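First comes the structure, then the notes that go with it.
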């Protein structure tokens with residue numbers, strides 16, 4: 001008897017997948033070794049293709065923010081041409097039921113061999129609106145099908161934004177985990193690990209934001225009463241993306257400081273999901289600014305305020321930040337430096353040479369005042385990160401999870417002397433000063449992971465008149481994390497589905513700096529993002545091969561052409577599943 005779709009997918013993954021029928025009985029399902037599809041290589045196979053032979057895609061890659069082989073022996077007896085019409089309800093696609101079956105389910109990505117795990121595990125970001133404004137799981141059937149497809153492809157896990165503005169929306173201390181509980185349990189059933197992001201920022205107004213989730217209502221009400229709780233630029237523009245770090249030690253949110261609010265939120269998350277911590281939930285990424293990144297909201301896209309590749313603007317003009325600046329200036333015996341931030345640093349969309357402060361010759365950034373201000377501005381950001389990290393490590397102590405922090409990949413104008421966009425964001429990085437080593441050292445003190453973006457980008461893809469240099473920036477961060485002995489993880493900044501970007505990620509994640517990195521690799525890579533485009537046939541084929549290569553590790557002696565042939569076999573069998581996932585996600 002021909003096997004149903006769920007059984008075929010289970011056969012391919014080496015797992016048994018029970019399928020419910022109308023009378024509630026279980027259909028039998030077969031199990032075949034995964035090595036039939038993902039065959040182990042010959043011991044002397046060393047035909048790894050050089051990365052240099054890859055040609056760039058014919059289409060122009062996106063710019064940074066506006067930041068056939070033979071058929072598988074399994075196919076003929078099992079895959080019917082009418083199978084795609086048989087994909088009806090993805091709730092029938094249940095995950096492995098036992099530990100043994102779950103282990104078999106991931107055997108393909110180990111090549112069928114029992115050995116120490118190596119390579120860079122790949123996680124996939126979930127849609128920003130995975131949980132609805134009504135605290136329910138969005139597109140449940142599509143989510144179930146998609147998670148099953150990701151697991152079958154060898155993905156390690158998923159990244160989920162846990163929005164402060166959804167969970168604690170109505171009142172202080174009133175947490176509604178609806179939707180998240182269902183999503184996390186679904187991930188567990190599919191054998192996927194979870195990176196949970198404590199998202200204390202607003203969704204909407206940044207690169208790639210596809211929906212709007214404001215801060216909790218009661219927080220917005222407090223900001224409306226006291227606008228200085230919001231970050232403010234020199235023209236008085238208030239930014240509601242994230243509470244100003246100037247309020248870190250002040251009880252401006254109904255008797256609590258913002259850091260206390262974040263700690264209470266994390267504590268409630270820990271208590272509610274303690275049964276999943278360390279097993280399913282393996283990482284807590286702590287949001288520390290706009291887009292969840294440790295930075296100031298210096299380049300807000302909302303309402304067209306900023307456009308790439310503008311230098312951005314300093315965000316230190318709320319009364320709480322100015323009070324700190326005044327105290328710092330008085331402490332160094334220069335009270336005249338404490339009344340305001342730089343007034344000659346241009347506007348959001350200026351370029352460095354358009355401004356007296358950032359110009360290369362005689363710019364204020366390289367003066368005694370500039371050194372004072374930029375040191376204070378960046379130290380305030382580091383202190384903010386330190387406070388939140390202290391809370392996070394205390395809350396999750398003994399929980400068996402990693403703590404990570406995301407740092408923005410601000411690569412435009414990197415080739416200038418002042419690195420203006422990095423300076424306005426709070427990274428005191430110039431041609432003469434390393435701004436990422438202090439961040440890495442701060443994370444190392446708390447045993448946290450340094451998560452960095454723009455891993456997929458190449459220098460020549462970006463506008464050279466803006467002196468963009470993402471590859472050089474990634475190299476600098478890799479060196480800083482190596483010096484501080486802190487783990488480095490990566491993300492792609494923009495959606496990319498082409499092999500050219502995948503190969504760049506493979507190269508960057510290997511941490512082969514100057515041709516040598518010993519045994520060091522990135523500890524994880526998170527792929528942006530799960531959406532209908534990912535499950536399009538060609539994109540899915542490339543993605544499956546990419547995940548396999550990442551899992552192999554940089555010292556694997558595999559032939560990439562063989563890996564790609566194996567991926568094509570795998571993709572052919574899973575086509576009905578991913579095809580339906582793509583359709584379901586589109587609605």
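Glycine too: its Cβ is placed from the backbone N, Cα and C atoms.
TrEMBL annotations: computationally assigned, not manually curated.
Cβ neighbour count for residue 293 (active site, proton donor): 25 (other Cβ atoms within 10 Å of its Cβ, all protein chains included). Look at TrEMBL and you will find 293 tagged as active site, proton donor.
Other Cβ atoms within 10 Å of the Cβ of residue 491 (active site, proton acceptor), summed over all protein chains shown, number 22. Per TrEMBL, the feature active site, proton acceptor maps to 491.
With a 10 A radius on its CB, residue 209 (substrate binding site) counts 15 other CB atoms from all the protein chains. Per TrEMBL, substrate binding site is recorded for 161, 201, 209, 406, 411, 453, 492, 493, 529.
Among the features that TrEMBL reports, region 'Disordered' is placed at 47-78.
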Least surrounded among the binding-site residues, given as 411, 529, when other CB atoms within 10 Å are counted: 529
For residue 161 (substrate binding site), the number of other Cβ atoms found within 10 Å of its own Cβ: 24
Local Cβ density at residue 492 (substrate binding site) - other Cβ atoms counted within 10 Å: 23
